[in-house]
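First comes the structure, then the notes that go with it.
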């Protein structure tokens, strides 16, 4: 019955474009998109990054000079052509195969095969989208490439078609591979259920489970294998639960002396060794001590706050996703950290009341690590209105765009004396942390 459904759907699909065999040109084109600095030495890459951050700060400075009452001239040390000091980019200890999470798409490859697993080249708008295998990319670890390779083998054995476009039908979708320095690997397969009955879904889950536990895919030695039914482009655990097909429900990572629990929904910095330097740098910049409260906004698994808990009086973590907050609480309990609490609500909803309850004379150090969409304006407003916050550390993987808007919004309504102190901190911290977030080798 499933095969007949596939045949009916295939009649409406466009004829595949055959773009030629996979050769060095395809691989180089993909590398140019995914790792645009790969042709440069790592030392040259760091110089490029430094100049990019310098330009970002110059644009931010120009904008601030247009705001009434903002004085960007200070007596503090500064870099040439800037109103503040821009630290050198901190190199990553690992520059090859460093990614601990990779997301692989499924679509037509250069040879026209719709069951190709890799990364996209081209755009849907131009109708030249091609899926190219990514095992040659310098930032992808061999384990991830192996899992992707065997997922492709599985797809080509399956009678079900991949889901290339939702309205054209198909079932098999993307693959996510998580790995840790402990040798743990989690695979997550996304599947569009279309109109399959529950018993038909169970057959497919059992088939993929058997392939990766007893079939050819067993060589991947997955610690955890998850399956998610999704009718949307992106789907959270709350919207459609991750279903454990085999193995352990979690994988674990060691970071800054802590054992961290990772779930399918967990966001974790993609370069673990680089993340350690990033978090250490945040600790240095924050200046936390036994008399301060550390406010960790958008804390995800709580690693920043938990790694600094021993130096501060109390850690307050705020995160929207319930599952990762459960991981943060588990990590705190397992590592014997008791001076912390985590709240699962939108930061803009809970932050004002949290700050009000903590304004008892203790100074607050705030660390924000938002997604690329930036901070909600109400979060920015709450930070601005809390006089107890004396240091703000802004961590961003994309220091232009929304990050720039957030920083200027934080500074815009402050008194000039506060701007002189906190404005420099915001600029300084945003650029210092950028160098260890990722490395485009």
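Heads up, the Cβ atoms here are built off N, Cα and C, so glycines get one too.
Feature region 'Disordered', per TrEMBL, maps to range 421-441 of the set 337-357, 421-441. Apart from the site residues 269, 319, 369, the chain places the Cβ of 267, 298, 299, 300, 301, 303, 304, 395 no farther than 8 Å from the centroid of the site's Cβ atoms, the recorded S-adenosyl-L-methionine location. In this structure the C-alpha atoms belonging to residue 269 (S-adenosyl-L-methionine binding site) and residue 397 (active site, nucleophile) are separated by 10 Å.
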